[in-house]
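Trainee: Here it is, the structure in full.
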2 protein chains.
Amino acid sequence: MTAKNNKRQAVVLLSGGLDSTTCLAIANDMGFTCHALSFRYGQRNFVELKSAARVAKILGAETHRILDLDLRIIGGSALTDELEVPKDRTEAEMESQVPVTYVPARNTLFLSLALGLAEVVGALDIFIGVNALDYSGYPDCRPEFIKAFEEVARLGTCVGAEKGQKINIQTPLIDLTKAQIIKKGLSLGVDYGLTHTCYDPDEQGRACGRCDSCQLRLKGFAQAGIEDPVIYSS
Amino acid sequence: MTAKNNKRQAVVLLSGGLDSTTCLAIANDMGFTCHALSFRYGQRNFVELKSAARVAKILGAETHRILDLDLRIIGGSALTDELEVPKDRTEAEMESQVPVTYVPARNTLFLSLALGLAEVVGALDIFIGVNALDYSGYPDCRPEFIKAFEEVARLGTCVGAEKGQKINIQTPLIDLTKAQIIKKGLSLGVDYGLTHTCYDPDEQGRACGRCDSCQLRLKGFAQAGIEDPVIYSS
């Protein structure tokens, strides 16, 4: 459970989307040796995993693990069930309603698995691309949730305990707008053509342009004054 | 996400071992409709899952889910790797050293998945058979860890938020000795012959009698003055 080299180790949750890709680029830039972690969780957006693998390779992650996790047995979400992904929702709707694309306790779960990996690779830092502004109604993207999880990590593991160290949940995007995230990533050389954001891609893997996730992404590129390199079906 | 009947719903983490079986019996006795949740996590002790299925059926759980979760990709534990399970450790060793059978961030992870299920079935209560006395050196069995996780559950989900309710992590065994747990279960009619505790059973599924888990169990039965109905290979 010790670091393999002199650089600090970090676990980076990587979906292959815009936010997590930017997070990986930031962790790299901060000098961490990065261990990317993705999930195959019975979701429809498996196109993401191809993006995640490409991104991990091109951004030079030390390792990339894809963990199988069949959440269909739990159910309760359009990403894991056969429910319809909502399209063309207004910003007011996104802000006021938790969408059916909500995966129950997702960030708690993903952070738990990242925590397990952090113990194994000897990392004290876990990067997650949550965002409190464009958060699309998910409760587990808020700063107070992240603080609470750090406490769970401190009390629930052996990480750093001997040296008085503790796990840091790094959320470099939490206060940024989507436009700011994109600009940050571009300044670090990220090719957003590699990333995938859509909740409901077509059979060729093209983004729909209409789900909450696509809408937030497109708005971000528009506000940044940059063209999204991704191809949309509509 | 509403309760299916008038009884309160609960999620019960069920390994098929002595503690979690007793927990399920207690939740039943408290009047909950119980949704048992077990994990197939690349562990060697798959015999547990057979016990879990038997226990869930006989104790009348409303549902029993087994979730696949291949933790081998994370590694770091004798229960998921090919490391040797330690045998014949003294009590002092168990108390002072976190054993190699430690699964990284296990309770955090299992509680996260229970939390996801709680959202889906409309449960406000999650039962986990952690024990602070006979805890065999695991940091995530302590009351302060459980409190911290409740805070994560409150902040990271939508459960109960509208009605000012919150998730309770129920730990009815936390202050009990193994002997007290056994007596409690027997008073509720538990057949401990159905349960499985060993970290390292033989090919016939018989318990080794020498790993930490078997030693704690055998000590508990001895202190309770009751014979363990389980068959041991040694």
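Placement of Cβ uses the backbone N, Cα and C atoms for every residue, glycine included.
Straight out of TrEMBL:
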- A:Leu14, A:Ser15, A:Gly16, A:Gly17, A:Leu18, A:Asp19, A:Ser20, A:Thr21, A:Thr22, A:Cys23, A:Leu24: ATP binding site (BINDING)
- A:Cys198, A:Cys208, A:Cys211, A:Cys214: Zn(2+) binding site (BINDING)
Trainee: Let me know how many other Cβ atoms fall within 10 Å of the Cβ of A:Gly16 (ATP binding site).
Mentor: 24
Trainee: Measuring Cα to Cα, tell me the gap between A:Cys211 (Zn(2+) binding site) and A:Leu24 (ATP binding site) in whole angstrom.
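Mentor: If we compare the Cα positions of A:Cys211 (Zn(2+) binding site) and A:Leu24 (ATP binding site), the gap is 24 Å.
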Trainee: Counting every protein chain present, what is the number of Cβ atoms, excluding its own, within 10 Å of the Cβ of A:Ser20 (ATP binding site)?
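Mentor: Taking every protein chain into account, the count is 26.
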Trainee: Where among the binding-site residues A:Cys198, A:Cys208 do you find the Cβ with the fewest other Cβ atoms within 10 Å?
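Mentor: Comparing Cβ neighbour counts within 10 Å for the binding-site residues A:Cys198, A:Cys208 gives A:Cys208.
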Trainee: Can you tell me whether DSSP puts A:Ser20 (ATP binding site) in helix, strand or coil?
Mentor: helix
Trainee: When you rank A:Leu14, A:Gly16, A:Leu18, A:Ser20, A:Leu24 by Cα distance to A:Cys214 (Zn(2+) binding site), which of the binding-site residues ends up on top as the closest?
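Mentor: Minimum Cα distance from A:Cys214 (Zn(2+) binding site) across A:Leu14, A:Gly16, A:Leu18, A:Ser20, A:Leu24 lands on A:Leu18.
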Trainee: Quick one, of the binding-site residues A:Leu14, A:Leu18, which Cβ has the fewest other Cβ within 10 Å?
Mentor: A:Leu18
Trainee: Would you say which of the binding-site residues A:Leu24, A:Cys211, A:Cys214 has the most Cβ atoms within 10 Å of its own Cβ?
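Mentor: That would be A:Leu24, with the most Cβ atoms nearby.
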